[in-house]
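First comes the structure, then the notes that go with it.
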Amino acid sequence: MTLYYSLVFALLVFEMALFVSLIIPMPFTMKRKLFTFISSSPLVAKVQYGMKITFIFILILFIDSVNRVYRVQVELGQAKNQGGAAAAAAGSERMEVQARKFYSQRNMYLCGFTLFLSLILNRTYTMILDVLRLEEEVKRLHGDKPAGDKSQQKLSDAGNIGEIGRLKEELKKRDRDIDVLKKQSNGLSEEYKRMGDNFHVSDGTPKKDR
């Protein structure tokens, strides 16, 4: 097994261990603290970004392994169509093709299961976050003591980690600044009209009808 396929296998084992850790039953408080840390940690956000890039390379390896399996199947089909002395001479070559078929299929299944498990992990993580939010809401409706506004806010914003969350916060801040500027502009406009009316009244000039 080459180095990059060994790394893919190591990643598959890591995903399996992570999936088991996600589905292990834990107390609600401990699970809430764990997922709050995962959702708010900048280090975890960087790791997730790196994993997305890694899965792109694994997808390329998966496509390449599928192509290799197809080519090996074509070679085996050609070898079966040969007969007589040509078939006897091609015996050792056919064994080599069978070995390449085995390795190609192994690599295809390895990359495919790694990609498939990554999708399952993402979906499982999202579902657990939804369950935690619903449990918080149920406890709040039943009148139980809340976990704290800060912790609950972090859990509510669990999907907004990393660069996307930072950009959303900047957009909200800019919207607030725009609202403040609009209010100030309206206030200045009203003050300008009031001062203009006072000037016309003190000067004795009748106000023009608008």
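In case you wondered, yes, glycine gets a Cβ from its N, Cα and C as well.
Because TrEMBL annotations are produced automatically, they should be read as predictions rather than curated entries.
The domain 'BAP29/BAP31 transmembrane' annotation in TrEMBL covers 1-140.
Positions annotated as domain 'Bap31/Bap29 cytoplasmic coiled-coil' by TrEMBL: 162-209.
Annotation comment: TrEMBL describes 189-210 as region 'Disordered'.
The feature transmembrane segment is assigned by TrEMBL to 6-28 (among others).
For 49-70 (among others), the entry in TrEMBL reads transmembrane segment. Long-range neighbours of the transmembrane segment (49-70) within the same chain, counting only residues 6 or more positions beyond its ends whose Cβ lies under 8 Å from a Cβ of the stretch, are 4-5, 8, 11, 100-101, 104-105, 107-108, 111-112, 114-115, 118, 162-163.
Residues or ranges marked as transmembrane segment by TrEMBL: 107-125 (among others). Counting only same-chain residues 6+ beyond the ends of the transmembrane segment (107-125), those with a CB under 8 A from a CB of the stretch are 5, 8-9, 11-12, 15-16, 18-19, 22-23, 51, 55, 58-59, 61-62, 65-66, 68-69.
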(request) Determine the mean pLDDT over the domain 'Bap31/Bap29 cytoplasmic coiled-coil' (162-209), rounding to the nearest whole number. (result) 71
(request) Give residue numbers and ranges for long-range contacts of the transmembrane segment (6-28): same chain, 6 or more residues beyond its ends, CB-CB under 8 A. (result) 34, 54, 58, 61, 110-111, 113-114, 117-118, 120-121, 124-125, 128, 132, 135
